[in-house]
Amino acid sequence: MLGFVKEPVVVTAKINVNLVALTVLGLISRLWGLCYPRAVVFDEVYYGQFVSLYMKRIFFVDDSGPPLGHMLLALGGYLGGFDGNFLWNRIGAEYSMNVPVWSLRLLPALAGALCVPLAYQILVELHFSHCAALGAALLILLENSLITQSRFMLLESILIFFILLAVLSYLKFYNLQKHSAFSGSWWFWLLLTGVACSCAVGVKYVGLFTYMLLLATAGLHFWHMIGDQNLSNVSLLCHFLARGLALIIIPMGLYLSFFYVHLALLYRSGPHDQIMTSAFQASLEGGLARITQGQPLEVAYGSQITLRNVLGKPMQCWLHSHTNTYPIRYENGRGSSHQQQVTCYPFKDVNNWWIVKDPGMQQLVVSNPPRPVRHGHTVQLVHGITTRYLNTHDVAAPLSPHSQEVSCYIDYNISMPAQNLWRVEIVNRESDMDVWKTILSEVRFVHVNTSAVLKLSGASLPEWGYRQLEVVGEKLSKGYHQSMVWNVEEHRYGKSQEQKEREVELHSPTQMDISKNLSFMAKFTELQWKILTLKNEDTEHKYSSSALDWITMDTNIAYWFHPTTGAQIHLLGNVVTWASANAAALVYLCLSLWYLLRRRRNIYDIPEDAWQLWMSAGGICAGGWAVNYLPFFLMEKTLFLYHYLPAVTFQILLIPVVLQHLGDHLCRSVLLKSMFSALIVAWFSWVYFVYCTLSPLSYGQPALSPSELRALRWKDTWNILIRKP
């Protein structure tokens, strides 16, 4: 029974020495001197702020994309014991001793290093020679721009890693399709494709371009499977469902999980949550939650409320009034009602409080039991401090003459009766009997007499209006634009009928305690919408560029500059590699068109298997370059050279594809093949020479003299920083 112990246990393993060597070289090139410089480098000043917020569990919104990349950077800080205490306010600022620089930069560096063996494996899975695969990996290894970008607390190297992992996983899955369908390895690579695609999108939305490319490729491959008569209908259905599960359902679920973890980590209120709705803010610890704790849930007749406009643009603000009146005449000569101003005020103030009144009763307190206000009920809104009624009438608004003026009614004893009845419409109601709820309900106020809707115009009033935002009655209202929607933020049940007592009450805290927690899906939907629609004002940056500048690398970015030695780090690509990549793309396009024209005439210059290999490699490499580059021509945002790095990575992979094709099919004689091989060796030596020459600008060391820096200014458009003696 125990006879097996008499013989030694032998484990046999195949080790790809090329793969191991490339991985080691990649790690050395990316991890060497990782703590240098011990100062904030370019966009570390941006991403570092989010890492600090993660460490302190403070909520934030970043309009640049989903949270996975930020969480991975924060993971590095967490593993290094970072407490989040550092002021990220200046590029070049020296890191304090509590900042674990090596740990914060580790994950981007590891991702950049692993891109080297991934490039090798992709070419192997595309059925190119190991020599071509080795060339692709070495080109990625010696690419200065990828080295620079992966050695700092930035996201591009992580994005490129997941993109290449997704491509490799799909190719491995596809190559197992014919002989090992539905095997364990088949499922592993298919599922890993979906996971890697989801992670790529979760780091930056530009990862969606490669995801769409792989989905289109998978769709094309499945279309070919439909024509395979050897596959039954049941088998085709299983293949379809497997791909749908792995490439669509699981990535969507994983994408949601990124936000779930993000929201679970960031549970404290901070400066960024002000752009969120009141319901979202109230779900965070501190901030609005501290103010609104204990508020009644249902708005009743007699309730004292503040009304926040849901739009939040140009800034968050609350419905407001004060004793000042509109000017009798505006600067353009138009007249006004000269009644009390109603505005939207961007700060908490006692003049933001309003009382919900039943038009059929005089009392301004909540009855016992409270009578809740429901969808469709008519109310009057009484300004808490001045006790004047919210009113609109057929008088042009001060800055929006096509809309009605909104005021608090003052009886001047003239022929201008009060028009102060408003119908409450709950926009997000589930039924027409819904009760108006604090924070949760989004409501419109429709003027009963004129059908105008209470709206924030967004215009800033002149000095007489204290630069507060204009509120109007919008007569031609179609749909539910957020500028017409309001929600109750602060709420109490009014108890004092006398005005003096009521003013004291308006300043006092609320008493009742009702929880208003949002579901995860509600928070996810709101946060996702904010990320997609929140636009920071794009300003021209010194190092911004256009997409056309990237191909010829007419631009660079100075990442860091030492104040005394003149050592500096620049985002610059290996000019030989980039020029070769452009040439490879052009050769691929011209040869493909030539072959297509010839095949149309039934002239086949290369064997069918070589043609399929040529097209499949082009679909991945040239297609990957196109989908990651061309969309930037349609984007209205500030662009930088690093946006081109995913595209140029695919373009670099195309170089050995084209070179092997030229060597195999166009160099027919032994002499030509020998000359072609010699040219490749000379060309690769040139690539290595440029890598070594630009390395001081990639690693920031050694420091170069002014004359050496001038010698590296190979293009007039490159901004190499030279210290004046």
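Numbers here mean position along the shown chain, with the first residue as 1.
Any Cβ shown, glycine's included, is placed from N, Cα and C.
Marked as transmembrane segment by TrEMBL: 68-88 (among others).
Long-range contacts of the transmembrane segment (100-120) within the same chain: residues 18-19, 22-23, 25-27, 29-31, 34-35, 38, 48, 51, 72-73, 75-77, 79-82, 133-134, 136-137, 139-141, 146-147, 149-155, 157-158, 160-161, 164-165, 168, 649, 652-653, each at least 6 residues beyond the stretch ends and with a Cβ under 8 Å from a Cβ of the stretch. Per TrEMBL, the feature transmembrane segment maps to 100-120 (among others).
Beyond the transmembrane segment (126-142), the same-chain residues lying 6 or more positions past its ends with a Cβ under 8 Å from any Cβ of the stretch are 18, 22, 25-26, 29, 115-117, 119-120, 171, 574, 577, 613, 616-617, 620, 649, 652-653, 655-657, 659-660, 684, 687-688, 691. TrEMBL lists 126-142 (among others) with the feature transmembrane segment.
According to TrEMBL, the feature transmembrane segment maps to 154-174 (among others).
Remote same-chain partners of the transmembrane segment (186-219), defined as residues 6 or more beyond its termini with a Cβ less than 8 Å from a stretch Cβ, comprise 64-69, 72, 155, 158-159, 162-163, 165-167, 169-170, 172-173, 176-177, 180, 242-243, 246-248, 250-252, 254-255, 258, 619-620, 623-624, 627-628, 631, 643, 646. Marked as transmembrane segment by TrEMBL: 186-219 (among others).
Taken from TrEMBL, the feature transmembrane segment applies to 240-267 (among others). When Cβ-Cβ distances below 8 Å are used as the criterion, the transmembrane segment (240-267) is approached by residues 53-54, 57-60, 66-68, 70-71, 182, 187, 190-191, 193-195, 197-199, 201-202, 211, 214-215, 218, 222, 284-285, 520, 523-524, 527-528 of the same chain, each at least six residues removed from its ends.
The domain 'MIR' annotation in TrEMBL covers 296-359 (among others).
Positions annotated as domain 'MIR' by TrEMBL: 370-427 (among others).
Using DSSP to sort the residues of the domain 'MIR' (431-491) gives these counts of helix, strand and coil: 6 helix, 27 strand, 28 coil. Per TrEMBL, domain 'MIR' is recorded for 431-491 (among others).
Here the transmembrane segment (575-597) has Cβ contacts under 8 Å with residues 139, 142-143, 551-553, 605-606, 611, 614-615, 618, 622, 625, 648, 651-652, 654-655, 657-659, 661-662, 683, 686-687, 690, 714 of the same chain, all six or more residues outside its ends. The annotation transmembrane segment is assigned in TrEMBL to 575-597 (among others).
Among the features that TrEMBL reports, transmembrane segment is placed at 609-627 (among others). Remote same-chain partners of the transmembrane segment (609-627), defined as residues 6 or more beyond its termini with a Cβ less than 8 Å from a stretch Cβ, comprise 122, 126-128, 163, 167, 171, 209-210, 212-213, 217, 585, 588-589, 591-592, 595, 599, 646-651, 653-654, 657, 661, 664-665.
TrEMBL lists 639-659 (among others) with the feature transmembrane segment.
The feature transmembrane segment is assigned by TrEMBL to 671-691 (among others).
Against the transmembrane segment (639-659), the recorded stretches 68-88, 154-174, 671-691 differ in Cβ pairs under 8 Å, and the greatest number is found for 154-174. In terms of DSSP helix, strand and coil, the domain 'MIR' (370-427) has 0 helix, 26 strand, 32 coil.
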